[in-house]
Structures are given as structure tokens and as C-alpha cells.
């Protein structure tokens, strides 16, 4: 029965499918917001109205893309679908909690959208800094609704993280050690630990903001002995691990895709890859104040956060060069998924290089809150996380659906998207270096040319998104079924057929120990 299967589901595959569909839908909303932003900035002068509505759109774009697109698809969608299959578990450790994790997201999304409907909306940027987010600058219920939305999304992610950690540690076959797990499983494990440790800090920060707004506390109000910089510390102690949460599952997926389409039986430097992910996870927690170089920290504090941030480049470099070494000498198959993975490696590396630039506190003082920062994090998110999602989706689509995509269309779509995102975000480096600030709906005429180019790129990306929807429709309409996958011996998620049965294992999987 429909309601029993989809509303009360305790099946990891069905919940994963729900996450993928929800993430795709939210992705459309987030894309619409981004198109509105670029339409406003396409030429000087005003298009939508004042800066408040513009900033509401910018804030919503960030929240929707982060909490309702990337995290549900990567962790909820791919994680739920693949983790049990990859470790030979019958399902997740807590199947009903898994269902609740998903169903907390639509109400959360509803609250976020509602926040833009009351008063003037939440025009604070996704960081929600007080005093702008306080009850003077943002009177009314907007920010409160946004805070409740974040609370629900946070609870969802924390429960999900507990579920994944328990599943991965506890539900492997006895003969399978930590170091027999596929890299995607490792990436989700590290991601879940990061979520579990960082989200409670965000919850504390936004709850204090909520009481500051409604109960007359003064956590962030200097008049009552509070400090707005405390909020920044709490927010970024969550916010920096969060950006690694968004990219780590992508690392895992890219490792699988690169290995598969290079015809290799394993990625180069498995242990190095695992330790690199754990190092990135650890270091991600001790660099948060590099987002706050401009609030007036001591020179020695700035020196520490600069050098600690640069250290993250080392494990990241280990991963990039291990991917290249995996490619080396392989029988490379130029499938669309491989193209996405190679695009990921190239563009993520560019984003990493601009990250190294911004790690220097002296440079960041000048570049902070300019479009250089926007360009940097969109290179690692819009071309890192999104490219990984696209590659993973195309690679595992036959597993999820039992049908194959049209590879010609998929390659065309990759090309269109590649041109679109680069035309959108590469010029923003120049805008930032010329001093164009973020979060403004208008700009001096001197910035017109690069902004126009950037906005053209966003419309090309929109065409690519529409092409992807068409490709999925075409696959389900044509019903080209999968007969056999290659390299199944080293890619265990494919072993039970495409798609796998509703209940993968009627009895525990037997894994022979090599030791």
C-alpha cells in the first residue's frame, strides 16, 4: 500500500529515494533563488526592489542549497542507499529513526519558506549575525521561523548521524574490519562524526539568539554584558565543519567513480585516503576563526588560524594526488560519471587554491566579504559538491532505478554545466579583487562587464539543470534495463542486481576473512 510504503517506510532504499527526490525538488527551489540573484546583478540598477528582498533571497538560496539539497542528497540519499549495501547490512541500525530524520525535513523547509512570507523576511545572510538578526533590525517572526527551521534540520541531521555511526561501526560482518570498508563508507562515517559534534554548537548559538530576541536575554547584546562576537565563534565552530560535511561524501563518491572508470580494483593509497579524511575532519574543527579575521583578533591568534588553515591543504593534497595516481596507467573509460569526477578534481583544486589565498589573514582582511570569497566557496561547492552529486547520480542511477541513462545526452549535459558554472564563478574572482562587496543588490558601473558575464553563465547552468530533468524522464520513458555491471567483485553494492531486491539480505552476509 502506498502510504505504508512511502510514509511509514523503514526501508533504507525507500528512504534514500525519498531523500533524493526531496533534495532534487529543493535543488530546483535553490536554483530558482540563484537565478533571481544573478538576474538582479545582471546589470546595474534595481530589478527586484530593495536590498532587503535581495538579501532574503540570498539567505534562502544558501539555506536551501546547504540543508535541503546537498546534505539530503549526499548523506540522506546516497548514504542511505549505499552504506547498507556496501557493508552487507540488511538495513540501517535504527530504521524508524531513519524515517523520522527524513520527515523532519519537509516541515523544516516549510518553516524556512514561511519565514520569507512574514514581515520583511530574513535578510541576514545565512550566518544570521546579531545585531542585524536581533529584534530591532529584524522585528517580527521572520528570524524566529528561520531559527526553528534550522533546529528541525539540525535534529534531523544529528539523528541521521547517530544512525550512520551505529550502522557503520556495529553492522559490518564479523570478518570485515574498519579498513575493509569502501571509501564512501569512511567518508559518511567521518561526516556523521562532524555533524554530531558541530550541530549542537549551532543549536546553542541560535537558541541564545532566539532568547535574545524574545526573552530579553543579552548573550549577544553589549548593553547587557553580552558580545556579538561570541555568536560568530559559536556559529563558525559549526559553520566550518559544515563545509567539510558538504564535501567529504563527495570525496568518497569521487574515489569510487575514479577507481571504477579507471578499471582499477582499488583506489591508490587506500589508507592514505582514510587518514586524509580523518585529518580533514579533525583539522576542520580547529580553524573556525579564519572566517573572522576582520573582527579584530590578536596578531598571534591570526597567525595560528592562518597556519592551521594551511595545514588542511596537506591531507587535501594527499587525496587529489591519490585520485590522479588511481587514474595513472588505468584503462580509462570516458563515461559521463568519469567526466564529472575529473571535472570535480580540477575545479575543486582551483577552489582549494583560492582557499589557500584566503587563509592568509593579511590578504583576507582585504578580500573578506568581497566576491573573491563567493567565487572561492562556489568553486568548492557549486563545482565540488554538485559535480560529485551529478557524477554519483549518473554512476549509481542504474542501481537505484534499474534503467540506464542516455550517455550522449549525459555528456552534452556535463559540457553545458561545465561551461555554465565556470562562466558564472570565474569572473567573480576578478570582481572580488576589484573590491566588489558581497550581499549588495546593486553596484557601480565599473563592475558591469564581469557581472553580465557571470549572469549569462548562470542561465547556461539553468539549461543544464533542465537537461538533467529531461535525461531522467528519458531514462524512465525508454526503460533500457541493466543486464550486467562490470567489476562487481570489487564493487559490492552491485552484487544483488539492478535494482536490488526490496530486502537485500534475508540472512546475514558471509564475508570471508583474508587475515
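Including glycine, each Cβ sits where the backbone N, Cα and C put it.
If you check Swiss-Prot, you get these features:
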TOPO_DOM  1-11  topological domain 'Mitochondrial matrix'
TRANSMEM  12-40  transmembrane segment
BINDING   40, 45, 441  Na(+) binding site
TOPO_DOM  41-50  topological domain 'Mitochondrial intermembrane'
TRANSMEM  51-86  transmembrane segment
TOPO_DOM  87-94  topological domain 'Mitochondrial matrix'
TRANSMEM  95-117  transmembrane segment
TOPO_DOM  118-140  topological domain 'Mitochondrial intermembrane'
TRANSMEM  141-170  transmembrane segment
TOPO_DOM  171-182  topological domain 'Mitochondrial matrix'
TRANSMEM  183-212  transmembrane segment
TOPO_DOM  213-227  topological domain 'Mitochondrial intermembrane'
TRANSMEM  228-261  transmembrane segment
BINDING   244  O2 binding site
TOPO_DOM  262-269  topological domain 'Mitochondrial matrix'
TRANSMEM  270-286  transmembrane segment
TOPO_DOM  287-298  topological domain 'Mitochondrial intermembrane'
TRANSMEM  299-327  transmembrane segment
TOPO_DOM  328-335  topological domain 'Mitochondrial matrix'
TRANSMEM  336-357  transmembrane segment
TOPO_DOM  358-370  topological domain 'Mitochondrial intermembrane'
TRANSMEM  371-400  transmembrane segment
TOPO_DOM  401-406  topological domain 'Mitochondrial matrix'
TRANSMEM  407-433  transmembrane segment
TOPO_DOM  434-446  topological domain 'Mitochondrial intermembrane'
TRANSMEM  447-478  transmembrane segment
TOPO_DOM  479-515  topological domain 'Mitochondrial matrix'
Within the chain of residue 45 (Na(+) binding site), which residues six or more apart in sequence place their C-beta under 8 angstroms from its C-beta?
442
Are the transmembrane segment (228-261) and the transmembrane segment (299-327) close enough to be called in contact, which here means at least 3 C-beta pairs under 8 A that are separated by 6 or more residues?
yes
Compile a sequence-ordered list of residues in the same chain as residue 441 (Na(+) binding site), six or more apart from it, whose Cβ lies below 8 A from its Cβ; state 'none' when nothing qualifies.
40, 41, 46, 47, 48, 50, 51, 54, 55
Show which residues of the chain containing residue 244 (O2 binding site), separated from it by at least 6 in sequence, have their CB under 8 Å from its CB.
191, 194, 280, 281, 284
Same chain, not part of 40, 45, 441: whose C-beta falls within 8 angstroms of the C-beta centre of the Na(+) site? Give them in sequence order.
41, 43, 44, 46, 47, 48, 54, 442
What else in the chain is close to the topological domain 'Mitochondrial matrix' (479-515), if you only count residues 6 or more beyond its ends and a Cβ gap under 8 Å?
11, 13, 82, 84-86, 88-91, 173-176, 180, 182, 256, 260, 263, 265-266, 396, 398-404
Any chance the transmembrane segment (336-357) and the transmembrane segment (12-40) have 3 or more Cβ pairs under 8 A, given the pairs are 6 or more apart in sequence?
no
Does DSSP give residue 40 (Na(+) binding site) helix, strand or coil?
helix
Kindly say whether the transmembrane segment (371-400) and the transmembrane segment (51-86) touch, using the definition of 3 or more Cβ pairs under 8 Å where each pair is 6 or more positions apart.
yes
Checking distant contacts: for the transmembrane segment (141-170), what same-chain residues at least six beyond its ends satisfy Cβ-Cβ under 8 A?
59, 63, 67-68, 71, 75-76, 79, 83-84, 87, 89, 92-94, 97-98, 100-102, 104-105, 107-109, 111-112, 114-116, 118-122, 124, 128, 133, 181, 185, 188-189, 191-193, 195-196, 199-200, 202-203, 206-207, 209-210, 213-214
Report yes or no: does the transmembrane segment (12-40) come within contact of the transmembrane segment (270-286), defined as 3 or more CB pairs under 8 Å with a sequence separation of 6 or more?
no
Between 0 and 100, where does the mean pLDDT of the topological domain 'Mitochondrial matrix' (171-182) sit?
93
Long-range Cβ neighbours of the topological domain 'Mitochondrial matrix' (328-335) (under 8 Å; 6 or more residues past either end):
261-264, 268, 394-395, 407
Within the topological domain 'Mitochondrial matrix' (171-182), how many residues are helix, strand or coil going by DSSP?
3 helix, 0 strand, 9 coil
When counting Cβ pairs under 8 Å to the transmembrane segment (407-433), the leader among 51-86, 95-117, 299-327, 447-478:
447-478
